[in-house]
Amino acid sequence: MAASFPEGVPETEDGKRPQFGHRFLSDPARVFHHNAWDNVKWSEEQAAAAERKVQENSSPLVCPEKQVDYEVNAHKYWDDFYRIHENGFFKDRHWLFTEFPELAPSHSHLTGVPLEKQRSDVCEDGPGLTAEQHKCSCASPGCETQVPPLEEPVTQKLGHLEISGEEFPGSSATYRILEVGCGVGNTVFPILQTNNNPNLFVYCCDFSATAIELLKTNSQYDPSRCYAFVHDLCDEDQSYPVPEDSLDVIVLIFVLSAIVPDKMQKAISKLSRLLKPGGVMLLRDYGRYDMAQLRFKKGQCLSGNFYVRGDGTRVYFFTQGELDTLFTAAGLEKVQNLVDRRLQVNRGKQLTMYRVWIQCKYSKPLALRSSQHVPIPHATESSSHSGLL
């Protein structure tokens, strides 16, 4: 029986659900006929209004003492988030397999995943902000490529352990995936459900010990196929439980935006060293002028395009150029760097919501070359909408 696709979503020759970007709003009168529309173009007036809104909510900045608190106690804010929401806040990301087929390397097509779950209706926003939670006591204004494993054992230190290329969790696997910022498993468990290849192994880590505890107590967690651990992406002294040049895929889904911009480059460069030559790094995150950015109020801005939510967690809004700089400075090559401009619709309340996400795929060269370190543009760079909107 042929697959049934929603109106406006064309079926491809092989019957697969197409990637995002195939449902266009040609008639504004039909805006409430679907829940989402792809590649929605902004008018010059709308882009200018978004830029004005960001300029307005970018000052005053959160005072220095509160900024230090949000950085030093970042893990506590995420622990609190997961204690409150447990595993009920984010939906399982079944749409990832359509956008990133590297996560299901043995599948030429998806089976058993309903179309509505494959559809990338992404919503990853934290709770809203309240000015009261940010008051300061100070006076300051506030392609799927796989390379055979290396034959020579690689020895590294992992915290207090010494591991070799032949003795680490999942060392016998031939295809290894690491998700950074895994939360309670909304990406990991769909990957494990979709892949029944015994030679595939998944690693997953999160800043929050509470999130990892919840993930490990989930009935779907299988230590023979998955290794979950607590890890601070920004801590240069912490090691990963795998040697360099050992991973096929690294996944970053709405996680890089949660760390201080000045620490992003070192984090990506460190992750890059874990990839095999030919391995890929996959990212989906917030784009500049996303609805979530425009909704922030005065007093919640930490620095240019970097904000704190009401629960103390933080979020940065990227441009394509910033992400390209991060990845290429880490020695990776661009495969994909796309803006997903989505118009989401609440048909019940007759509301329209303009979303901006960026989706990237960068690969590690097969022929390794020495690369110079290029610093990330400072977070206070101009919030020009050129190249994004």
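Cβ atoms are placed via backbone N, Cα and C, with glycine included.
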Given that Swiss-Prot annotates Trp78, Tyr82, Asp206, Asp232, Leu233, Ile253 as S-adenosyl-L-methionine-binding, name the residue from Gly181, Gly278 that shares the site.
Gly181
Of the ranges 1-20, 101-120, 141-160, the one Swiss-Prot annotates as region 'Disordered' is 1-20
Have a look at the binding-site residues (Asp206, Asp232) and report the one with the fewest Cβ neighbours inside 10 Å.
Asp232
Span of Trp78, Tyr82, Gly181, Asp206, Asp232, Leu233, Ile253 around S-adenosyl-L-methionine - largest C-alpha separation, Å
18
By a three-class reduction of DSSP, Leu233 (S-adenosyl-L-methionine binding site) is assigned coil
